[in-house]
Each structure stands twice: as C-alpha cells, then as structure tokens.
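Visitor: Let me begin by handing over the structure; questions about it come next.
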Amino acid sequence: MANITKKVSWSSRGDESGAAGEETPLLNGSEQSRPLRQSLDYDNIENQLFLEEERRMSFVAFRCLEISRWVICGLIGFLTGLIACFIDIAVEQLAGLKYRLIKENIVKFTEAGGLSISLLLWVALNSFCVMWGSIIVAFIEPIAAGSGIPQIKCFLNGVKVPRVVRLKTLVVKVVGVIFSVVGGLAVGKEGPMIHSGAVLAAGVSQGRSTSLKKDFKIFEYFRRDTEKRDFVSAGAAAGVSAAFGAPVGGVLFSLEEGASFWNQMLTWRIFFASMISTFTLNFFLSIYHNKPGELSNPGLINFGRFESEAMEYNLYEIPLFIAMGAIGGGLGAFFNFLNYWLTIFRIRYVHRPCLQVMEAMLVAAVTATVAFIMIYFSTDCQPLGPDHTEEYPLQLFCADGEYNSMATAFFNTPERSVRSLFHNPTGTYNSLTLGLFTLTYFFLACWTYGLAVSAGVFIPSLLIGAAWGRLCGILLASTTSTASMWADPGKYALIGAAAQLGGIVRMTLSLTVIMVEATGNVTYGLPIMLVLMTAKIVGDYFQEGLYDLHIKLGSVPFLHWEAPATSHWLTAREVMSSPVTCLNRIEKVGTIVDTLSNTSTNHNGFPVVVQPAKLCGLILRSQLIVLLKHKVFVELARSRLTQRKLQLKDFRDAYPRFPPIQSIHVSQDERECMMDLTEFMNPTPYTVPQDTSLPRVFKLFRALGLRHLVVVDDDNRVVGLVTRKDLARYHVGKHGLEELHLAQT
C-alpha cells in the first residue's frame, strides 16, 4: 500500500471484529476519551427461527403488519406535531414575557437615566434561562446538546450512538431548547425538532419504554434495527416538516442526509408521517390563536408569504444570485473553520459539566451585552407607521413616533427577525445597521454552536444570510438611479439566507424544497437551487459541512454514499481485518464465554465454521449472550425434555439493551457443555472473494446496511472480515487517497 498516505487519526478498540471505540486525535494530552462506537444490524438475520416464523405467518398477518407500519407513522407524525406545538407556545409565552419586562424597564430608564440597570436585567434574565438549559444538558443528558442532526445522521448511517434515542434525551432536548431560545442565544428551535421526531419514532415503533421499564406488548415484530431505522427516518422527516412546514422537504431531508436504504412504500409512509406532523401542528396552533380550523401556520418557522408581484426577478439577476451563493459558500466555510477549532478547544479544556454551564452563561451574558450596546449606539431611527409589524418596538433615543431599527434585529426571537428582514418595506434598515448586525451575529452564532445547550443552527444561519442579503439589495439599489430596477430588497434577503445556510450545512436538494415550501412561492425555486449548488461547491473547496465536521470530531466511522474516487486498485484482502475469531458450529460453552469476555478484541460478529475452516454461517455477540442467558446447551436439551424451545421473542425482548457478558453466570460444569449454533446463526451471510475491489465491497456494505462482510478464498474458507471501521479509514485528502491509521490498543 505504498501509494496511500499514512495518517494517524484515531485510536480504537475494535468494532465488530476490531473497531468498537475510537479516541479522537485532537485530544493529545487530554484524558477525555470517546464513547465506544458500534454498528447497527440493518441486515435481517435469516436464521432457522426467523424463517420458521415467516412461514407460519398468513397473508392476513402480513397485511396487519403493513397496517401497523402506517399506524406507527401516523402516531409519529401526530406526536411530533404536538411537541413542536408545545415548544412554539412555550417559547412565545416566555420570550414575550421576557421582552415585555425588559422593554418596560428600558422605557422607564431612558428618560430617568440609569440604562445600565436595564442592561443588568437583560443579562440576568438571559443567563438565568441559559443556566437551566445548560444544567440539564451537561449534568443529565450530554447527548442532547446541539441540534442532534449529526447524531441522527450517524444512526441512519448505521452507527450506534449511545443514548441518542432515549426518552430522557427527548425530555432534556425539548426543555433545553425552550430555555436556549428564551435565553436569547443565537440559536433556533428547528434543528432539535429533527432529533425529537427521531427519538419519538424509535420509542413508538418498539411498543415499549426501556427507560420507564414499561412494555405495552405491541409492535413486537418491529424490535430490530432494520425496522427501527425506517421509523427513525420517518421521525426525522416529521421533525423537518413540523419545523418548516415542509412535508416534501422532510422526505427529501431523510433521503439526502440519512437513509442508507430506500423504497417506494417507505417513501409513502415517511411522507404520510410528515403530512400528519404539519397538520397536527397547524390544527393545535389554530386553536391556540383562537382561529380553530384555520390551517395557515405551516411550521415553527413561518417566513410569511412572498407575493409574486413584489418578488419578480429578471434574467440579468441570475449571475448576481450565483455570486451571492459563492459569498455564502465562502462565509459558511469560514464559519465552519472557526467552529471546528473552537470545538477542539472545548473538547480539550471545557469538558467538565460545571465549566460547560459557565461557558453557556458567559455566552448568554455577552450576547445580551453586545445586543444592548449595538442598540444603544445605533442612530438608525425609522418612523413607526400605523401598520407596523414590530413586536417590541424600542424608541430609546429616537424622536416620538419613531423606533430603533437595530432593536428590530436584536430585540426579538431570531424567527421574527428573519421575517422582518424578508418582509419589511424598503428603507426600514440602513446599510450600517445591517453590516454591523451581520458582523456581530456571525461571531455570536459561531461561538454559540457547540455549547452544552440544546439548539439548532438553521435559524441563526438564515438570519445572518438575510441580513447581508438585504444589505446587498440596498447597495445594488444605491448604485443605480432607477432603484425600482432591483425591486424589493426582501428577495435578496431570501437569496442571502439560502446562500448562508447552504454554505454552513451543505444541503442542496432538501434545502431547496424546504425554502420553497416555507416561503410558499415556487417562483424562486431555480434561483434558490443555483445559489445552494454554488454555495456547496465553493464551501466544499475550503472546508467540509458543519455536520460532517462534528461527525469527524466525534471520530465516528461514517460511510459516505460512494467509496473514495481513487480506490479501485485496493482489494478486500488489503482492507479486511484478520485473523478472524471463528466458532465451530457445535462449540464448547467455555470457549464462547472466554471469546466474549476477551476485552482486548471486543468482537461483535463471529463466522461459524465446519472443519477445515469452511464458512457455514455468522452469529452475533448479542445472540450468543441470549443463548448463554437461557442456557441453551446440548446436554440440557437432552436431559430436560420439557425445556422450552427458544423463540425469536426471547431475542426481541432483550433488544436493544443486551446484558453484558459479565452479568451472565456460567458454572464450571456448564463451561464443559456444548452449544449447537445451527438454529440461531445466519446460514447465508454476505461474502466476497478476497480479490474484490474496494468500491464493490463498499457499495455492497453501504447499500445493504451491513455490519459484517465475510471475506473468503476459493475454497470458501474464512480469511478475513470487513467491518465499518475497515472501510471508513480510507478517504481522499489533499495528497490523494489517505489511510487513517487505527492503532489497536
């Protein structure tokens, strides 16, 4: 492998046949290590038990299962919509209370003097809210930090992320995002909705709660990774749909960002869940707004309707839009670059929960202070007309009948600020206000993403882009004598918002549809698509997308859609793990226990062989643990004729939290017993010859969602095992194909 650049990046303790846990290279000198990374089994284990159950099922039973899938998707959509509704109402009420209180205080002290008291009140309220939002994340459930989108991407990709779809994670996520948004941080509540929908889907589809230790004895057939993955895809889509009022965008998000397997019926079910989610949110918000039945609030973020007459664009503006896309890509890459190094700093030095809470409170205090200073020194006063849309207009030092324009951007929830930038009439903001706001909010949002709070990056990105986009519109209008030629600066705010968000997260297809659905105007479909494509191309040249960077920082063996472009000359023989720990079809119990207890390898899959080393099946660690727990030994089966035959239900009941091998007691006499694996192993595992090229191995592994791929020679003897870790370590870098050296410890 002389042509591969060796590069030390991870240090691991084998998953499957080797890579169970990695430690990021960025932690040199730090004691903080990464959690164990294991893969999910997205391939059905077609052993004798499974085939017997399938044969026993009638056509009616299969139809009932199909109906159950639709019912579960409907439930996922309904519950996701309810949670979105709860978050929206809670944020609106609490943020409204906070802003009214601060506004009354500012009005009181503007004339009397002593505005520093107003600043202290603002800082105190923000810090108090963020403190509680950070405490529950840092001390109770750290996996609930951030938007959760990178974790859900990993889950759908086939990586088991610990505690990512637990009930406790959902509760902390929902409560945490309310505190974060109310606390005035540069965050949005839309990203966490995707995680919330995924957690709901994982819980509902299993018909039980392992956290509450409550089993409802329903949906037991779906207790396996394959089925759970499909429902989590639906949950993520329902979350997008509830957040943006974009059901089609939700389906495309799941397709573009996550699902490794896709079919027509799955698409329909995911679309159904997305539609139910949007409808539920609409229905309950209409009741809340005292307009029952009026379904006009599509999602948590309502961009408002863009009227076609005011938003017309001409052919000569297309190059300008593309140029704005390039600016968005460059700014997005710079944002990601800063956040990448900031995250490394946090991993090294801010890993204690108390330090994380203190940092979050510091960011909240700085955000409030910066906002107050910007508003205080701003001289951008605008007339307050009778039909104004400002929720909390601040007069401050402006004349009577006028309001401070900077306050519209800062003294508001980010969602309302985005809407005002899109729809406020020409002349509402001056260039200096927008320029200063873009600069300060850019760095505040960059500092905020990655804190130990539950929060998303969608809305801050849109707000930054809308600000500099509107600035571009104003500057273009000022360069010509006929300002009407450039029409409404709101359309440039929309293009800038799309460019900035695309430059940071690098989504194309789904984001185009989400923006079109959220604005309610398909006229801008082409410009938004061109802008997002340009932003992605330019951004990718400098830096990866924000979610991909955070996945890489977590040392997750993430598999992209395709194998590295220059990897055709590599073969399965060169990438596989070997030697492989194999088990005989009838194996001694002591050997199995010793193999499972071996902490130096921590294998999760074992080829089953018949002498001389010819492959006859594959069995998983989780299956062996269930067999040991139930003491399925040959001698016991002979001596006790009444012993109950093990069924698939026993494996499903143990899923997903299989007990560790240390918790299973095997006596010395039992160690001498034999275990017959014939009935429980998968007799037809996927195999490849050892000369198969890496792209073919990669395609088979990725498309089928495999956990193990057995490499055999011409005589069907096991020579190696390909796992996720073996494939994820190759990538194309600046020096061609690079191998991330995974040192075994």
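Including glycine, each Cβ sits where the backbone N, Cα and C put it.
Keep in mind the model is a prediction, meaning the values are calculated, not measured.
Sharing the feature lines straight out of TrEMBL:
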type     : residues : note
COMPBIAS : 1-12     : compositional bias 'Polar residues'
DOMAIN   : 681-739  : domain 'CBS'
REGION   : 1-34     : region 'Disordered'
TRANSMEM : 70-91    : transmembrane segment
TRANSMEM : 119-140  : transmembrane segment
TRANSMEM : 170-188  : transmembrane segment
TRANSMEM : 231-254  : transmembrane segment
TRANSMEM : 266-288  : transmembrane segment
TRANSMEM : 318-342  : transmembrane segment
TRANSMEM : 354-377  : transmembrane segment
TRANSMEM : 441-471  : transmembrane segment
TRANSMEM : 492-516  : transmembrane segment
TRANSMEM : 522-542  : transmembrane segment
Visitor: Please check if the transmembrane segment (70-91) comes into contact with the transmembrane segment (318-342), where contact means 3 or more CB pairs closer than 8 Å and the residues in each pair are separated by 6 or more positions.
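Guide: No, the stretches stay apart by this measure.
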Visitor: Counting only residues 6 or more past its boundaries, what in the same chain has a CB within less than 8 Å of a CB in the transmembrane segment (231-254)?
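Guide: Long-range Cβ neighbours of the transmembrane segment (231-254): 72-73, 76-77, 80-81, 83-84, 152, 155-156, 165, 189-191, 193-202, 204-205, 222, 266-267, 269-271, 273-278, 280-281, 297-302, 458, 507, 509-511, 513-514, 517-518.
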Visitor: Restricting to the same chain and to residues at least six past its boundaries, which positions have a Cβ under 8 Å from a Cβ of the transmembrane segment (266-288)?
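Guide: Non-local partners: 69-70, 73-74, 76-78, 80-82, 84-85, 88-89, 197, 201, 230, 233-235, 237-242, 245-248, 250-251, 254-255, 259, 294-300.
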Visitor: For the domain 'CBS' (681-739), provide the mean pLDDT of the predicted model.
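Guide: For the domain 'CBS' (681-739), the model's average pLDDT rounds to 86.
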Visitor: Other than its close neighbours in sequence, what residues sit by the transmembrane segment (492-516), given a CB gap under 8 Å and a spacing of at least six beyond its ends?
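Guide: Apart from its flanks, the transmembrane segment (492-516) reaches 240, 244, 246, 248-249, 252-253, 255-257, 303, 306, 321, 324-325, 327-333, 335-336, 418, 421-422, 457-458, 461-470, 472-473, 476, 486, 522, 524-525, 527-529, 531-536, 538-540, 544-548.
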Visitor: Which sequence positions outside the transmembrane segment (522-542), separated from its termini by at least 6 residues, show Cβ-Cβ distances below 8 Å to it?
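Guide: Here the qualifying positions are 306, 308, 311-313, 317-318, 321-322, 324-326, 328-330, 332-334, 336-337, 491, 494-495, 498-500, 502-504, 506-508, 511-512, 515-516.
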Visitor: Considering only Cβ pairs under 8 Å, which range in 170-188, 318-342, 354-377, 441-471 makes the most contacts with the transmembrane segment (119-140)?
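Guide: The listed stretch sharing the most Cβ pairs with the transmembrane segment (119-140) is 354-377.
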